[in-house]
Amino acid sequence: MIGNFFDQFWSLTFGGLSLGFIYILIALGYTLVYGVLRMINFANSEIFMIGTFATVIVVRDLYKFTQSSEYATGFRLWLILGTALLITMIVSGLLSMVVELVAYRRLRRRNSGVLAPLISAIGVSMVLAESVRIMTDSRPVASPRAMEKSFIGKFFDADIRLDNTIIVIAALLLFFALWNFINRTRLGKAIRAVSMNPSAAKLMGIDIDKIVSATFLIGGVMTGAAGFFYVLKYENTASSIGFELGIAAFTAAILGGIGNIKGAFFGGLALGLLETYASFFLGTQWKAVTVFILLVMVLYTRPNGLFGESITQTRV
Amino acid sequence: MINIRDKGAEVWENSGRTGRIAIATLAFAVVASLPFMGGTILNTPIASYESVLVYPIAMFVLMAIGLNIVIGKSGLLDLGYVAFFAIGAYTMGLLGTKTGLNTWEILPIGIAMSMFAGLVLGVPALKLRGDYLAIITLGFGEIVRIVALNLGALGRSEGIIGIPTPPPVFGIEFSFDSHRVYYWTLLIMILLAIWMVRRLSARRAGRAWESIRQDEDVAELLGVPTFRYKIWAFVLGASVGGAAGVIYASKTLFIAPDNFTLQISILILACVVFGGMGNIWGVILGAVVLGYLPDRIRFLSEARLLVFGLVLVLMMNLRPDGLLPRKKREKAIKAKEAA
């Protein structure tokens, strides 16, 4: 078993890395909204699910790919991947803004605590998941393969797959774009201000509603990108997928310390790798249990997550 | 909108002892005779009306009362309440099929098992901040289901079949299709739970929970042993869930991991918030509405959960404090703080 593990270590690691980057992007959706509103955006998982469907629709219907089409190559391939990613990000981002309008805005204005928005977000995610479930007859939807999953090199005997490489590089770029956006731009500064102290930010002339809307948009865009990468890697989706990955990504956000962008990065990475290794040793059915025990252990020793904010006062 | 809760409280306050007894008896009689009203507008299309009364309605009411101790009374966000329900049900399933014990003998064991699970989960989890507590409990709910799904002793995905029905009590037979008897059993358990919660609320524990919910740090500074009372709330909530699980298993005679999904936790939480957190009558009303609604609108078949989601969103936007909110006085304090 151990010997096998070392033989497969690098190929497991590459798979785990790309899964980890998918988690990072979804976790960013949770963490950004949490940072600004101190609320769990329960509907984020369904934004991800809609994102995966947006990608499938672009590849299947816009570019007329079927299960038997030939792989796209060269410029055409990058064009297809680029438009699919862009459209998915736009769709998810806009949807995320709509979710904020419908589920949060009115309640936020009325200052009605944490639980009421949580329930209305649960309502919204039920509506999203159920409409897709009805439209797809509860069946998983396969995405036609537009890209050949060729091996682009070897690393310690492990094949480096093209799709995994694209995911890691593109997700890294997105992450650094977000990092710079939050830390360097005026809007990013406003988001940080609202997250530190909403009332002071308001007094400084920041339009809170606009900032919250922008945060949901950015969170949705990141989550949508995760949807695109998921389809690229696994080539299928289903209406129930949001829930499964949403929980894992949320765990990742907590693991790193929710409300903290750096935390989402390391939490997502750690979770992706650990899940992959745990599945190898114990079988995929126990991976959720391993992750959970790990989470409890981390939180028990570091109650704010690995990189958590030190605002110990915040609670439900 | 008129405040039904205040109106109700007013009528109750203003009636004398005999008036109160009359109101309580009448209410009990109406609730107890619900199984006979199947022919009226209350009837549920497709699903049998009497079985809907048992599960989900009565079962949801019982669980919502239990969860209300945790969320409504002491303000701890528990998203994995289904775990305790599952532990109760699996205790019944295992002991009922493997040993000769009957339901009434297993009931205290099931309650003890879920209380123990509540303790084991609560001791590490309740030291954490609220949002983390939410995810830990949510994870726990899933873990219990996954363990049941993968452990041979618990029957994996096939679950446990052939769970015995309870033995007769005072000559009343429990059989698979005697929904009424189960309904009345649950009704008695609900009354016991209401009594327990009301007694506790009026005493030291209730005051401690209230103070924890409003401000944990202040409570701690004033000498309330907050951690101990949080554990108590958690464990008591778990005990009610476990009791519901035992009855559930001996009613359906068959349990499988699919009966204990996160959706149940979310639904019970929705019952509590929808009805009005902290107010036991509100919680009961919420559970009745949310248990009943999906089956009443079953003619929408495919779209019924979709409509249910819409109702949740609308309801929360229009009445964020639930159908029967907590006392007005508290709302006034809250408004003052917000201003």
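The backbone N, Cα and C atoms fix where each Cβ goes, glycine too.
For reference, TrEMBL has these:
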type     : residues  : note
TRANSMEM : A:12-35   : transmembrane segment
TRANSMEM : A:47-63   : transmembrane segment
TRANSMEM : A:75-102  : transmembrane segment
TRANSMEM : A:114-135 : transmembrane segment
TRANSMEM : A:165-182 : transmembrane segment
TRANSMEM : A:211-232 : transmembrane segment
TRANSMEM : A:238-258 : transmembrane segment
- Item | Stretch of maximal Cβ-Cβ contact with the transmembrane segment (A:75-102) [cut-off: under 8 Å; candidates A:12-35, A:47-63, A:114-135, A:165-182, A:211-232] | A:211-232
- Task: Give me the stretch from A:12-35, A:47-63, A:165-182, A:238-258 with the greatest number of Cβ pairs under 8 Å to the transmembrane segment (A:114-135).
- Result: A:238-258
- Item | Non-local residues, at least 6 beyond the ends, that sit with Cβ under 8 Å of the transmembrane segment (A:47-63) | 26, 29, 72, 80, 83-85, 87-89, 91-92, 95-96, 99, 128-129, 132, 141, 143-144, 146, 220, 223-228, 230-232, 237, 239, 241-242, 245-246, 249
